[in-house]
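Going by TrEMBL, these are the annotated features:
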DOMAIN    21-56  domain 'EF-hand'
DOMAIN    60-88  domain 'EF-hand'
DOMAIN    90-125  domain 'EF-hand'
DOMAIN    131-166  domain 'EF-hand'
Amino acid sequence: MGNTTSAVLDNIVQGSNFDRDEVDRLRKRFMKLDKDNSGTIEREEFLSLPQISSNPLATRMIAIFDEDGGGDVDFQEFVSGLSAFSSKGNKEQKLRFAFKVYDIDRDGYISNGELFIVLKMMVGNNLKDQQLQQIVDKTIMEADLDKDGKISFEEFTKMVENTDVSMSMTLGKCTSHKTGFVRTYTLTFLFRADQF
């Protein structure tokens, strides 16, 4: 490994919750996923994995990993995206990732429409749109403490504060929670670490 590659990996390690050996293992995994050897993982390459394609929020997760919005994920973005799921990742990092799933337009808020879209991805046709909209409206009403019609990160944090985010969003661990429809789907079904 040359000095340049070594320095790049050192920078990636410093910006993540992984040690050098873990980053090296992730690099090998990344190279296997990068089927066309382009140096990036495209959406189709991600979705070729059964563990990813079976997750109803796969497209949202890919969008979060794609930090620069370029349509693909480079190695640094890959490590950064997985970093929140590390056992060394703190609760806030895990919550920020979960929040980003809902914040489709990346404006720092979860709108009624965004919450509906993401929950629809999760429940599919198991609920009628009207039923789902009632859940969304109730969730917004309960979580929107400042009554501005949207959920901020701070409000989101309060909404899920009684869930064990650290366990449900940590690689190799998965728990289930019985704390209500939205919270259960927010932090377990969606972010089951064994899906990665």
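Using N, Cα and C of the backbone, Cβ positions are placed for all residues, glycine too.
Automated prediction, rather than curation, is the source of TrEMBL annotations.
Counted as Cβ pairs under 8 Å, contacts with the domain 'EF-hand' (131-166) are highest for 90-125 among 21-56, 60-88, 90-125.
Within the domain 'EF-hand' (60-88), the DSSP-based counts of helix, strand and coil residues read 15 helix, 3 strand, 11 coil. Within the domain 'EF-hand' (131-166), the DSSP-based counts of helix, strand and coil residues read 22 helix, 2 strand, 12 coil.
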